[in-house]
Amino acid sequence: MEDTIAAISTPPGTGGIGIIRISGEKSFKIASRIFKGAVEFENIKTHTINYGKIIDPSSHETLDEVLVSKMKRPASFTKEDVVEINCHGGIIVLRKILGLIVKEGARIAEPGEFTKRAFLNGRIDLSQAEAVIDLINSKTDAGSKAALNQLEGKLSKKLKEVREKLIELIAHIEVTVDYPEHDIEEITGDMVYESLKPIKSLIYNISETFENGRMIREGLNVVIVGRPNVGKSSLLNELSGKNKAIVTDIPGTTRDIIEEYINIKGIPIKLIDTAGIRETEDVVERIGVERAKKAVNESDLTIMMIDGEAGIISEDIEIFNEVRNKRNIVILNKIDISSNDKIKEIENYFKDYNLIKISIKTGSGIEKIEEELTGLFNKGSLRLNDEILLTNIRHKNMIDKCMVSIDNALSAYDGGMPLDMITIDIKDAAYYLGQITGESVNEQVLNEIFKRFCIGK
Ligand SMILES: Nc1nc2c(c(=O)[nH]1)N(C=O)[C@@H](CNc1ccc(C(=O)N[C@@H](CCC(=O)O)C(=O)O)cc1)CN2
Ligand SMILES: Nc1nc2c(ncn2[C@@H]2O[C@H](COP(=O)(O)OP(=O)(O)OP(=O)(O)O)[C@@H](O)[C@H]2O)c(=O)[nH]1
Ligand SMILES: [K+]
């Protein structure tokens with residue numbers, strides 16, 4: 001018999017209500033021992049919520065006044081008998097009740113164990129279980145929508161279809177190879193080739209969605225660079241609408257990297273304000289400079305800022321040299337106090353680049369930056385509702401391995417290999433898809449995945 005598991009499923013700390021969840025064969029028996037309400041627990045109807053008290057049967061001490069829900073298997077999250085106790089939120093009371101439940105025969109659940117059981121008992125597949133983690137951890141609206149889509153099984157459904165097609169193909173080849181005398185229609189190399197081609201393009205298309213998927217999950221990485229005092233911190237503050245970065249008129253006040261998540265039309269953007277890329281004798285600042293260079297290398301876009309009042313100086317050019325080969329936009333700031341000559345000079349220097357003129361002080365031009373940022377993302381049209389989106393690097397790796405296997409099968413055919421050799425690659429392809437849905441996944445991968453969950457999930 002599987003252990004009966006229990007955990008506090010609400011976040012640590014004080015809240016209005018705290019929920020303890022119990023799952024497994026003993027959960028109803030345990031609840032009967034500790035719950036006293038108008039109706040005996042065993043007579044409570046499944047999927048109802050009931051008022052009563054939690055009383056320690058050995059000391060007769062009342063621990064809390066609660067609402068208890070009963071969910072009879074298999075119609076529960078884990079597909080096991082589940083009891084949920086809604087307590088008053090204090091951690092002391094919650095721990096006391098959890099202790100009592102353990103004394104009565106349950107054990108404390110490991111992180112993610114409820115969800116792991118939901119997976120092992122077949123209620124959700126592996127990619128859906130992973131979507132639960134993503135949903136919990138999502139930082140933005142778009143990120144949580146993508147996770148919810150995955151939780152609803154859109155990705156799984158597609159991949160299962162493809163995997164079934166591959167398996168049918170393998171079966172057909174095996175019958176052809178092993179029982180040539182049977183009167184089923186024999187499969188030819190050409191037929192295998194023709195079946196694999198559309199699968200390859202489908203897998204390729206799914207793989208391609210990862211670029212957007214990653215951005216949705218993690219946010220677009222945007223790094224702001226420029227020499228001291230051009231207005232980097234001011235821009236970060238303006239775009240984020242908060243006052244996180246320190247704005248001063250002493251050059252070099254941004255000594256380190258400041259990160260801020262913002263949301264423009266539902267698109268998550270991680271803005272990074274740097275100390276500027278430039279050589280310096282100051283040790284503290286030099287570390288900042290190294291980190292700035294690293295941030296630029298990892299960014300999806302860099303915003304290079306120029307001070308329109310001061311015009312271009314050699315330091316601007318040095319900084320621009322670090323980012324000119326990256327995806328970038330150039331911002332001419334402080335147009336409110338820039339002379340026409342300086343503006344012309346800057347326009348001329350950056351005539352082959354995307355130059356946006358703004359004044360953070362007056363607010364002019366800021367919306368052009370926002371358009372530029374959202375435009376990067378799927379050319380501005382974020383269609384999340386019905387699209388499959390790969391957001392998980394593990395899934396992306398498996399999809400790519402699947403693609404390589406299909407490619408190998410196709411080139412094995414081109415190279416005149418016999419059908420039974422080609423099936424080896426097709427089997428690999430099916431195996432990799434199964435690694436995403438959990439149909440061919442091993443214990444170690446499972447443990448890796450579920451340990452990322454929080455306790456009580
Ligand atoms: N109190 C509480 N809230 C919660 C959860 C929970 O476990 N407990 N969930 C946990 O993550 C999420 C809800 N997800 C759930 C998904 C399926 C089932 C469930 O019982 N499914 C059954 C019966 C469905 C039905 O009655 O139609 C099934 O699929 O067989 C429960 C919760 C979020 N909120
Ligand atoms: N007139 C005018 N002043 C601005 C504008 N944008 C920023 N400033 C001012 O320029 C000064 C420097 O701005 P910051 O945002 O601190 O510049 P920074 O690039 O982050 O500076 P460091 O941290 O030194 O690298 C502040 O006094 C701002 O108020 C603008 O559009 N017009
Ligand atoms: K600053």
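Every residue, even glycine, has its Cβ placed from backbone N, Cα and C.
Taken straight from TrEMBL:
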type    : residues                       : note
BINDING : Arg21, Glu84, Arg123, Lys457   : (6S)-5-formyl-5,6,7,8-tetrahydrofolate binding site
DOMAIN  : 219-378                        : domain 'TrmE-type G'
BINDING : Asn229, Thr248, Ile250, Thr253 : K(+) binding site
BINDING : 229-234, 248-254, 273-276      : GTP binding site
BINDING : Ser233, Thr254                 : Mg(2+) binding site
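Here the features listed in TrEMBL are painted onto the structure.
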residue : record                                              : CB count, 10 Å
Arg21   : (6S)-5-formyl-5,6,7,8-tetrahydrofolate binding site : 24
Glu84   : (6S)-5-formyl-5,6,7,8-tetrahydrofolate binding site : 21
Arg123  : (6S)-5-formyl-5,6,7,8-tetrahydrofolate binding site : 17
Asn229  : K(+) binding site                                   : 21
Lys232  : GTP binding site                                    : 28
Ser233  : Mg(2+) binding site                                 : 21
Lys457  : (6S)-5-formyl-5,6,7,8-tetrahydrofolate binding site : 19
For Lys232 (GTP binding site), which of the three DSSP-derived states applies: helix, strand, or coil?
helix
Compute the C-alpha separation of Glu84 ((6S)-5-formyl-5,6,7,8-tetrahydrofolate binding site) from Asn229 (K(+) binding site), stating it in Å without decimals.
57
Can you go through the binding-site residues Asn229, Lys232, Ser233, Lys457 and pick out those with a C-beta less than 6 angstroms from ligand 1?
none
Ligand 2: which of the binding-site residues Arg21, Arg123, Asn229, Lys232, Ser233, Lys457 have a Cβ closer than 6 angstroms to it?
Asn229, Lys232, Ser233
Measuring Cα to Cα, how many angstrom lie between Arg21 ((6S)-5-formyl-5,6,7,8-tetrahydrofolate binding site) and Ser233 (Mg(2+) binding site)?
46
Neighbourhood of ligand 3 - binding-site residues from Arg21, Glu84, Arg123, Asn229, Ser233, Lys457 with Cβ under 6 Å:
Ser233
Taking only the Cα atoms, work out how far Lys457 ((6S)-5-formyl-5,6,7,8-tetrahydrofolate binding site) lies from Ser233 (Mg(2+) binding site), in Å, as a whole number.
39
According to DSSP, folded down to helix, strand and coil, what is Glu84 ((6S)-5-formyl-5,6,7,8-tetrahydrofolate binding site)?
strand
For the (6S)-5-formyl-5,6,7,8-tetrahydrofolate site as recorded (Arg21, Glu84, Arg123, Lys457), determine the largest distance between any two Cα atoms, in Å, rounded to the nearest integer.
19
